[in-house]
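Novice: Feature annotation from Swiss-Prot assigns domain 'BPL/LPL catalytic' to 32-214. Per Swiss-Prot, substrate binding site is recorded for R77, G78, G79, D80, V81, T82, Y83, H84, S144, V145, G146, G157, I158, A159. The feature site 'Lowers pKa of active site Cys' is assigned by Swiss-Prot to K141. The annotation active site, acyl-thioester intermediate is assigned in Swiss-Prot to C175.
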Amino acid sequence: MLRKAFLLNLGMLDYNRSRDLQKRLHARRVIDVVPDTVLLVEHPHTITLGRRGNRLCLKASPEDLERMGIPVVQVERGGDVTYHGPGQAVVYPILHLRESGLSLADYVSALESLVIGVLGDFGIKGRRNGKNRGVWVGGDKIASVGIAVSRWVSYHGIALNCTTNLEYFGLIDACGLKGVEMTSISRLLGKDVSGSEVHRSIAFHLRRLFERDWQERTLPEIEALLND
């Protein structure tokens with residue numbers, strides 16, 4: 001029998017609010033109060049700095065970022081600096097890796113495989129880069145991965161550019177890599193794609209890669225479970 005797991009499509013959600021939700025789910029998953037849970041979310045404009053993050057990778061001044069209404073958040077995930085914003089599909093799995101039989105490397109590869117599968121559904125050939133994690137199309141990067149794992153339970157995850165305004169990546173050296181060009185599904189196709197199309201594809205490949213009894217849940221349902 002497949003183990004139960006939850007899938008939540010949260011739509012647009014403030015970065016810090018989603019981070020708090022991840023931490024609460026993580027704490028409950030560690031003690032087996034909740035099953036594996038995956039959050040699908042989109043964020044307002046936000047820049048995050050991972051454990052290797054350095055503000056020298058910011059090309060805009062703190063004053064300019066404040067004027068633009070873009071917060072800079074130091075977080076516990078791996079990796080360097082990245083941008084989140086409208087038109088980006090972000091996947092946050094809170095999974096017990098040991099129970100899943102996954103090493104850290106296996107898990108990151110699975111996240112990359114998920115995105116490569118999604119891109120394939122849109123006729124785009126994604127690939128890994130032997131030197132840098134994430135997913136690439138040709139020489140351009142389309143998805144960034146940065147995870148945190150504590151007591152064998154994951155949080156944070158992977159962000160895929162769908163209809164993202166790529167100009168915002170000009171505010172940073174993406175993932176700490178100078179000269180990296182970012183791309184998106186809409187840029188490669190020459191047309192916009194709907195968020196619902198992307199989310200359906202993500203859900204399909206999530207089920208393909210992580211065999212669970214995936215059950216869709218709403219935020220109020222999860223909040224009730226966490227507060228029980």
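Each residue, glycine too, has its Cβ placed from N, Cα and C.
From a predicted model like this one, the values you see are computed outputs, not experimental measurements.
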Novice: If you run the three-state DSSP split on G79 (substrate binding site), which class comes out?
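Specialist: In the DSSP reduction, G79 (substrate binding site) maps to coil.
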Novice: Across all the protein chains here, work out how many other Cβ atoms are within 10 Å of the Cβ of G146 (substrate binding site).
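Specialist: Neighbour count, Cβ to Cβ under the 10 Å cut-off: 26.
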Novice: Give me the mean pLDDT over the domain 'BPL/LPL catalytic' (32-214), rounded to a whole number.
Specialist: 93
Novice: Just to be sure I understand the packing, how many Cβ atoms besides its own are within 10 Å of the Cβ of G79 (substrate binding site)?
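Specialist: G79 (substrate binding site) is surrounded by 23 other Cβ atoms within 10 Å.
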